[in-house]
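Q: The structure follows.
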């Protein structure tokens, strides 16, 4: 069962990745990317990395992609006719049916069942919040703090750039 | 991976059944309470005291014609109403309804709640976009902006509870409140959480998503029949879910006030019945609060909502978190 779920998620991840790259419609691309992130979270969950899976959904699918969509929806308002006429429900159902069929074919190939390595029993404890926090705040404290400073600097920098343009325009008027 | 036991399935089944029905009850309660506040009768014709009104409503919605915009994206238009319903239903998996009465006890269930809540934004945003109407799009974008803004104070308020308990399990948070509810230990966090929860579920005074004067119907302007019904259902399920979360995080979950001091040891059956009753009564009170506020307080302006979220609630919640962390570190330890 685990093997099948893994193959299904893997095919879904690759399929949605391809869909994201090949799609001309930006909103559809963004939605494929959301699907991609959620299926990667599923793979993490299969590896018993619960914390990583939840953070993947919370940060990437929940926050970053919503902002992406937000920007795309505001930018593409001009040529909306061409945006809508392209996608048909049959293509989307074809995509999902294709993913299911391909994963079934791959699963039914001989010898696939013992392709996957055993998940190490230590993952039961290593994937939890407590274990991760313990390591993050002792062994990797320096790297963690440096990342925090880098992110803060990036946010402050972005704010500075946004504010600079605004005040510059105000001055020229 | 933890074993899925029979009791998990039973709790989950009962919880999902109750949640779906509670949405119908919330709709009925909303109309009756609104009528009471506005000094009129409210629905009282269908069944005894109008109790069958929700069934009549749903029947009416099912029989309506389902209109889809010709230039809209039909697939996303059809999928979008399911997303908020699914995320609302996913939430009950980690809420404890009594001592030991929960479906799962996953390791980071608080993060699970936040992750599921953040996925709910897609339903509203995509519905607005797929309708290909300016009112819908503006409504959807407003919803996305508002929900992202209020997720931060909501998360900080929850974090200020988590540092008391030292665990990200909702079950542990509920169990910790046996003697002292977090409302007494962390009143500011409770208030921030309640305000942010109102904004997250798009209820008045934060219902700019569907401000009729500006946006006709907001993101569901182009929705009809049961697709609209799904949004309607999802709104009331979010009211119920947020009432449950307020109860769980700040108002003692299934514990009576200061129960640790005076409540004697009870047999498991009596304790179970008592726990579930206490939880239900508290949830019912917060559902009433949601309705009460809706029919009492007028809507904010959009800039006021954003200002309240980013420049009032967020700094306040961060300051609250830091003060509580300092008190716990220097005084309690």
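Just so you know, glycine gets a Cβ as well, placed from its N, Cα and C.
Nobody curates TrEMBL annotations by hand; they come from automatic prediction.
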Q: Under TrEMBL, the annotation transmembrane segment belongs to which of these stretches: B:51-74, B:75-98?
A: B:75-98
Q: Would you say the transmembrane segment (B:180-199) and the transmembrane segment (B:313-332) are touching, if the rule is that at least three C-beta pairs must lie under 8 angstroms and be 6 or more residues apart?
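A: They do touch: at least three Cβ pairs between the two stretches lie under 8 Å.
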Q: Should anything in the same chain at least six residues away from the transmembrane segment (B:276-293) have a Cβ under 8 Å from its Cβ atoms, list it; otherwise answer none.
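A: Those are 22, 26, 29-30, 33-34, 37, 97-98, 101, 198, 201, 203-205, 239-240, 242-244, 246-247, 251-256, in sequence order.
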Q: Report, as numbers and ranges, which residues of the same chain sit near the transmembrane segment (B:110-129): CB under 8 Å and 6 or more residues beyond its ends.
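A: Sequence-distant neighbours of the transmembrane segment (B:110-129): 73, 76-77, 79-84, 87-88, 90-91, 93-94, 136-141, 143-144, 147-148, 151, 154-155, 158, 162, 168-170, 173, 200, 202, 209, 218-220, 223, 231, 234, 238, 245.
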Q: Taking the transmembrane segment (B:6-29) as the reference, which of B:75-98, B:150-168, B:180-199, B:236-256 gives the largest number of Cβ pairs under 8 angstroms?
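A: Against the transmembrane segment (B:6-29), the leading stretch is B:236-256.
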Q: Counting only residues 6+ away from its ends, which parts of the chain sit with a Cβ under 8 Å from the transmembrane segment (B:75-98)?
A: 11-12, 15-16, 19-20, 68-69, 104-106, 109, 112-113, 116-117, 119-120, 122-124, 126-127, 129-131, 170-171, 174-175, 222-223, 227-228, 230-231, 233-235, 237-238, 241, 244-245, 248, 253-254, 271-272, 275-276, 279
Q: Let me spell it out: take the transmembrane segment (B:180-199), skip the flanking residues so only those 6+ beyond its ends count, and list any with a Cβ under 8 Å from a Cβ in it.
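A: Result: 146-147, 149-151, 153-154, 156-158, 160-161, 164, 205-206, 242, 245-246, 249-252, 255, 257-258, 290, 293, 305, 308-309, 313, 316-317, 320-321, 324.
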